[in-house]
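Participant: Residues or ranges marked as divalent metal cation binding site in TrEMBL: 70, 149, 153. The annotation signal peptide is assigned in TrEMBL to 1-23.
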């Protein structure tokens, strides 16, 4: 009986340690990529000339400035509403932020998401929360939602740069 029991216990221990290691790796991978996207978003912002911050290709879309504010505001809102309440230390009510204020808002919003995600346990990340339209997803999926939202709008910002004759920063994935 002991001959059979030892290999089973050893196998279970190995599987559990592999599972824990994988969960930790996924969070480390998110954190690394997230910090890269923070820097890339700031580079895109800095590439746009100050006198073009209010550019919009057509009247019914957000301006460059509004889009940057939207990215920062959505980072904070989704982290607060779907991950864990906290204070990002950013006043997103100010509508006419300077480039320096936009940069600070972007950096603080990305830092807030990173700190919020890092504070969550594996159990909390596995919990389901209600998001837009009553859909239920895990907090881990919320990380992807926040990331995907930023990707979408960074793409818009790159188009805005090109429409103004500005070469966008080279893409960085990691």
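Each position is counted from 1, following the chain as shown.
Using the three backbone atoms N, Cα and C, a Cβ is placed for every residue, glycine included.
Are these features on the surface or tucked inside, and what touches them?
Facilitator: In this structure, residue 153 (divalent metal cation binding site) is part of a helix by DSSP. Just so you know, the Cβ of residue 153 (divalent metal cation binding site) picks up 17 other Cβ atoms within 10 Å once every protein chain is counted.
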Participant: Please list, in sequence order, every residue of the chain apart from 70, 149, 153 whose Cβ lies within 8 Å of the Cβ centroid of the divalent metal cation site.
Facilitator: 67, 71, 74, 150, 152, 156
